[in-house]
Amino acid sequence: MLVREPRAQEGLSEKLPRVVHRLSVIMKPQVVFVLGGPGAGKGTQCAKIVENYSYTHLSAGDLLREERSRTGSEFGQLIDTYIKEGKIVPVEITINLLKKAMEETMKVDEKKFRFLIDGFPRNQDNLQGWNTVMDGKADVKFVLFFDCSNEVCIDRCLERGKSSGRTDDNRASLEKRIQTYLQSTRPIIEQYEKQGKVHKIDASRSVDEVFADVKNILEKES
Ligand SMILES: Nc1ncnc2c1ncn2[C@@H]1O[C@H](COP(=O)(O)OP(=O)(O)OP(=O)(O)O)[C@@H](O)[C@H]1O
Ligand SMILES: O=c1ccn([C@@H]2O[C@H](COP(=O)(O)O)[C@@H](O)[C@H]2O)c(=O)[nH]1
């Protein structure tokens, strides 16, 4: 038989701090960063994760594209230029969009505290911005790294470019995006690797084969 006598006699003032503490632990955003080259399949795999697990997908690129087309945005022109040039937008802009999206998600449903943050952090500036703004406010659990060759990345984006309408799915932008990825994003992945936080997945295979690995990782991590 369970004996819970001391707690049964507790008043609200004794219970409350424990309840508040539990809630704040439960509700602290749990983050998985999703990284890899352009066209590696990050968005595709995130969509499949959302179908099967309780995660909210936030693509930093999608948030920037939305901000670019928002009427009255003071950053529209800047974002447009950076995206076409395959350059990384200053973190002050991106982190505010991410933070707002996370807060809004949790405001609508407090149980939605697991996030896949796709395509971020992409460079040292991004990482520093995240650490400054989100330190203590969110836990980065691990990184899903979708690894595939530059050629596969470029071919997939060019194919996607036939219908995506994206201004950066063309060969000129892609050459720059790949350079940015190799020079700025790979070092970030390496930093997380040193912390033992990276799950590297061979993303050159079929969507289902890649997802089978993703599922194994998520089952082990949960
Ligand atoms: N495993 C795969 N095999 C073949 N094609 C794939 C695979 N995964 C994704 N694709 C296709 O490749 C293109 C790029 O995929 P996706 O948009 O998921 O990549 P991404 O990593 O999110 O790209 P970006 O960083 O440029 O936004 C899409 O047209 C998608 O349908
Ligand atoms: O954190 C980020 C994410 C994206 N960008 C810019 O957007 C494009 C497209 O990003 P995708 O993830 O491929 O959708 C990227 O090349 C950058 O120019 C960014 O600056 N910061």
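In case you wondered, yes, glycine gets a Cβ from its N, Cα and C as well.
The annotation ATP binding site is assigned in TrEMBL to GLY39, ALA40, GLY41, LYS42, GLY43, THR44, ARG160, ARG205. Following the DSSP three-state reduction, the secondary structure of ARG160 (ATP binding site) is helix. Other Cβ atoms within 10 Å of the Cβ of ARG160 (ATP binding site) number 15 in total over all chains.
Feature annotation from TrEMBL assigns region 'NMPbind' to 59-89. Mean model confidence of the region 'NMPbind' (59-89) amounts to 98 (pLDDT, 0 to 100 scale).
Close to ARG166 (ribonucleoside 5'-phosphate binding site) in the fold, though at least 6 residues off in sequence, lie ARG160, each with a CB less than 8 Å from its CB. According to TrEMBL, the ribonucleoside 5'-phosphate binding site annotation covers ARG65, LYS87, ILE88, VAL89, GLY119, PHE120, PRO121, ARG122, ARG166, ARG177.
The C-beta environment of ASN126 (CMP binding site), restricted to residues of the same chain at least 6 apart in sequence and closer than 8 Å, consists of ILE88, VAL91, THR94, ILE95, PHE120, ILE188. According to TrEMBL, the feature CMP binding site maps to ASN126.
The region 'LID' annotation in TrEMBL covers 159-169.
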Give the nonlocal contacts of the region 'LID' (159-169) in its own chain as ranges (CB under 8 Å, at least six residues past its ends).
38-39, 80, 83-84, 86, 177
Long-range neighbours only, meaning 6 or more apart in sequence with Cβ under 8 Å: which ones does LYS42 (ATP binding site) have?
VAL34, LEU35, GLY36, SER59, ASP118, GLY119, PHE146
In the structure shown, with every protein chain counted, which of the binding-site residues ARG65, ARG205 has the densest set of Cβ atoms within 10 angstroms of its Cβ?
ARG65
If you skip the near sequence neighbours and keep only those at least six away, which residues in the chain come within under 8 angstroms of GLY41 (ATP binding site), Cβ to Cβ?
PHE146, CYS148, ARG156, ALA203, VAL207, VAL210
Within its own chain, what residues at least 6 apart in sequence put their Cβ under 8 Å from the Cβ of PRO121 (ribonucleoside 5'-phosphate binding site), listed in sequence order?
PHE33, LEU127, GLY129, TRP130, ILE188
Cα distance (Å, whole number) from ARG65 (ribonucleoside 5'-phosphate binding site) to ARG205 (ATP binding site):
28
